[in-house]
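All remarks here apply to the structure that follows.
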């Protein structure tokens, strides 16, 4: 027996370098059943390795020995090649060699279904029932235990062959422990590669989860995951823990997936260059992988052919395209990113080529003693190194992208820092400007306030009330400006640490009482309860009394401003270190998104919808913090608001209020009463009315002056508007805010003009204007919006809301009065036009009623005259008497109709002419009728009908089938209508319908007289009826009946089977 080294070698023909490159990548990590040598290395024939492959000594039988004598042939050479394409049962046999190892085993691979016997004893088998269809035969070694004493016994293998060739090194004898150790020692490079690729996949997954728009991370994730899974699936030691056939079977699918992901990665990395080429490569490889997966499920043999035969022809064009586009791109644009892509591609190509060359010509290389160790190492680990370097280069591409993003972020950060520095300088300049401006304004404002106060004191008693009110308004406005200037100065000083507190022990109830006394009149005007609930046991606080009063004044003033009903309370709670003062109201509350901005300067609590500068709460917050306390707010929409702040408890007894503090409180009370920090809604009565009476509500009897509605939350603005509007005769109604204006109009107020300020609490001027436009149009109730905003966008929004005019502040009295007069005049023109149209409409309706009465009288007379229309004398006489008048009347009527829309008075005049002509014609008709009635007697309609039927049949040579049932007695008029209806129906049927047969029915049906006449002539075509039919219809309608003329229904016929051409049906109410 020839003992050979257990190193699998399967010579292959040399291919061009490109094919070898593609084949190397195709076999990356997946040597398959024909390359086990790369998986297990070279086993030496010694006891140390304890693994041996015996090429000779085997015999084969192509029939079952149990069925009779068989011919055993040496297995090798030609006999071994017969297995390629053979399908059936065969037997292999040999004597067990000497087993000098510990734990000796027989290892078999490359066989799908087999059983192993030692003499006649079954050692084991694999898949004899054929249940395992999907398996990689070359990777799994099936161990069978032996004993040293089994040497020399007969070893028999029964095989169910399926046509595959027998692979090299298909069996081994040796030590099981050594086999397991060898598998584990050869797997560490693959395990390391799998771990590194898995870590890269996890990082890529995290990046892609955060930036879904960067698809390059997705493709890198797919590639790294495929490499990790492929390397793990290459581990030979998997078979030590479970049956890995399924893993080895499906692992080849990862190759087209990995290459497709790589192509997509390259396409995104190279941006727009050859993107369509890479998309085509990715799509074709993914399609091939999907097809192979389906084949693996249903046709394992087809799957094996696709993986071993067809796959190179799919991958070779892909690698050629990737290489060609990559080299061309790098030649045109030597970008660092392209360099890393090209370097990775080159590393993979180089090491793959080494792997293929060494494993293809392994025997030749191993004959060189000097390079044998190097060849052994590179044949096993070169491909792993190439894939690892390729993965590292792809990671470097991503790293460079991150580096570029980092550089851009640093540049943006530098720009942002420069912008922030510039903004800080601008903010400092703004603060300095506000400080200087406030200082410059304070002196002239004080002068104005002092001079105005002096004028008020020196005003003689005989001066008019209007002069006193004007001076008071000037003083109040000046004091408010002084307060605003003080707030701006305080804000600047607090921002730049310019305020020096003078703290002392002060009891909160005393300061709160002063503030409540100052603001009580404002609360009473809104019918609010203002209460102080600070008990005497409350300890004094260590605070500046003036600044504490300022905090409470701002908080209570805000509460009064934004509370419409209920109460406002000031309460206190304390512990050993701090006293917590809170101001609670029952207002509408503050939205949660506004709470964070509540204490920012220049941001009012209602997002700019209310009046005020928004400085009060900001100043209160900074003052509380200067005292060492904090400030906060609790609020929810509809549940009121509580603003609370803390002050440290004083460790000293309370000091008496100094004279200066008392003077300060007194001055503050006077100033606050004149103009609070946050302007509040005016009282329900009109302010500044000349006669002192309320101008809300109704007006005096008699001709009323125009009613104007003014809605503004600033009392000073209201007074200015009232004084301006006294130059024109009008009545004025005032509303303190938008909600009150809406409430007044909902309760019946109908002003002629509305003047609305835009920035108001509750409802803005825009919202009130939109509410008005939902009920009245711009002509019925004009609206003028007033605002200090004069941007184009503000004007556009105002007109979009439905305003008639927009008047930006400041404006002069002359401009206001001009615009008010224009709107009032336009409204007056609109109302006058509506009244004129109403008058003309009533006149036209009256003329129409007169005309209808005349036409009715004319129709009644025409009904009487039409009864005798077949008699020549009456027809001629009517033509002579009324022909001219009727023709003239028709001409006048047509002219009046055409002129009604253009010249209504002329039209009415022509209607009078028509009336005169109609009456003249009616007089002539009445004379003819009187002559006819004098000549005849009572009309016997039944006899007349029978006579008409008989005469018609005789004269016109037609047939008439009639059925006249007994009916209640009819009036003479109804009898004539029935008679002339039959006459008209027979005449029209003979003249226009070409009829030869008629069927006539007359009977009663549920309180109605039914008249039916059918003929066999031409069907009715719906044309306009002539004079006779029109007169008949008019007579029927005058009697309260209806008439119907229609073609015969399909399938209907007369009694003798002839079809019906036309039907005439009348229904008249029978007399009770």
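Backbone N, Cα and C atoms are what each Cβ position is placed from, and that goes for glycine too.
TrEMBL entries are annotated by machine, without manual review.
What TrEMBL lists as transmembrane segment is 188-209, 216-242, 248-266, 278-298, 310-327, 339-362, 374-399. Here TrEMBL flags 436-651 as domain 'Histidine kinase'. Residues annotated as region 'Disordered' in TrEMBL: 683-703. According to TrEMBL, the domain 'Response regulatory' annotation covers 707-824. As annotated by TrEMBL, 4-aspartylphosphate applies to 757. The coiled coil annotation in TrEMBL covers 841-871.
All protein chains shown were included, and the count of other CB atoms within 10 Å of the CB of residue 757 (4-aspartylphosphate) stands at 26. For the domain 'Response regulatory' (707-824), the DSSP-based tally of helix, strand and coil residues reads 51 helix, 24 strand, 43 coil. Restricting the average to the domain 'Histidine kinase' (436-651) gives a pLDDT of 81.
For the transmembrane segment (216-242), same-chain residues at least 6 beyond its ends with a Cβ under 8 Å from one of its own Cβ atoms are 28-31, 39-40, 139-141, 180, 183-184, 186-187, 190-191, 193-195, 197-198, 200-201, 204-205, 207-208, 248, 250-251, 254-255, 257-258, 261-262, 264-265, 268-269, 384, 387, 391, 394-395, 398, 401.
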